[in-house]
């Protein structure tokens, strides 16, 4: 009997005789090792085997650049191309997300109050923008997977620890807040979870309200945090790479800062700039929607307390709006601050490169080197934007806060 076995580097033919004739209880097996060649054409398949192994080993390498505890978030939401159970889970998540959105709008439609329509509109719009951001980024998951692969070598373990900590805290705090709100809600607000109907069984009521609260929080603010965290991770890695290039320029003496050194540094800088352009192409619309959605959520809360008194609200409502405001404000501030770091790093690189070339010009006679500097300085300042509407600079933070307060007060005072 012949058994053909294929291994990674060779084919083996096992020739053996079974002990069915009663001559013994053991099998005698002879192993014949043959060259790893194609039977039809005689080509050596060793190189092909090694390429297949490399493909298998590198299949999940794009996701090595994603922090460990952030990875389940982006798989669950379907932001990257994955196979296996994550694909099925992302489809289930999509169904739940659409059902929860329908539930939110149905509930607010049943309990619609004309007197506070100015508060309802920004609140519901923030959910719409969150779903829009999710859908837009999900459509670009192939591009995002490519970007994650290009940033694999820019991994920063210090920043990853912070991102992992934030991801864990979101996972812990969200269910805790959901359960607390469930037990603190008064009876009139509990009816909103059942479309105005009465539920007699106490534990069934608790289970349904806790589940609904958790699902509401998964849409907002969990999805916005997942988008913002992934965006910030990519921006931080690119900024750190540019800062490392600035350090190399600073440490290099003017005498050694010749054309080969300048070309090498500018080549690395161009690679990082190309990555930032890809990040801009992927995240421009989603990050704009998340920022506007967060601002509208803050506006809704501020507008509520322009027409209502703080003491008139129950403890559950106070806790809920505090949770919303803290998450919305921190999301906008962190995203704007981190994204602006890219513009600062790029500007710093220009200044550092210019200073080093000036020193070289003073002490040496660098003929033919000025064209590199001229091309760099002629480039416009690089700034990440959201839909070319919001420019991510440090000054943008104050502009967003001022816009939020001004337009909220104007809207609430308009008849």
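Glycine is treated like the rest: Cβ placed from N, Cα and C.
So that you can see what the record holds, here are the features copied from TrEMBL:
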type: TRANSMEM; residues: 91-111; note: transmembrane segment
type: TRANSMEM; residues: 117-137; note: transmembrane segment
type: TRANSMEM; residues: 162-185; note: transmembrane segment
type: TRANSMEM; residues: 214-236; note: transmembrane segment
type: TRANSMEM; residues: 281-306; note: transmembrane segment
type: TRANSMEM; residues: 321-340; note: transmembrane segment
type: TRANSMEM; residues: 397-414; note: transmembrane segment
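Within the chain, the transmembrane segment (397-414) has long-range Cβ neighbours (under 8 A, six or more residues past its boundaries) at 118, 291, 295, 298-299, 302-303, 306-307, 332-333, 336-337, 390. Ranked by number of Cβ pairs under 8 Å to the transmembrane segment (91-111), the listed stretches 214-236, 281-306, 321-340 are led by 214-236. Long-range contacts of the transmembrane segment (117-137) within the same chain, counting only residues at least 6 positions beyond its ends with a Cβ under 8 Å from a Cβ of the stretch, are 77, 79, 97, 101, 104-105, 108, 144, 219-220, 223-224, 227, 282-283, 285-287, 289-290, 292-294, 296-297, 299-300, 303-304, 307, 411-412. Panel annotation: around the transmembrane segment (321-340), residues 177, 217, 220-221, 224-225, 228, 231-232, 235-236, 287, 290-291, 294-295, 297-298, 301, 304, 313, 384, 392-394, 396-397, 400 of the same chain, lying at least six beyond its termini, place a Cβ under 8 Å from a Cβ of the stretch.
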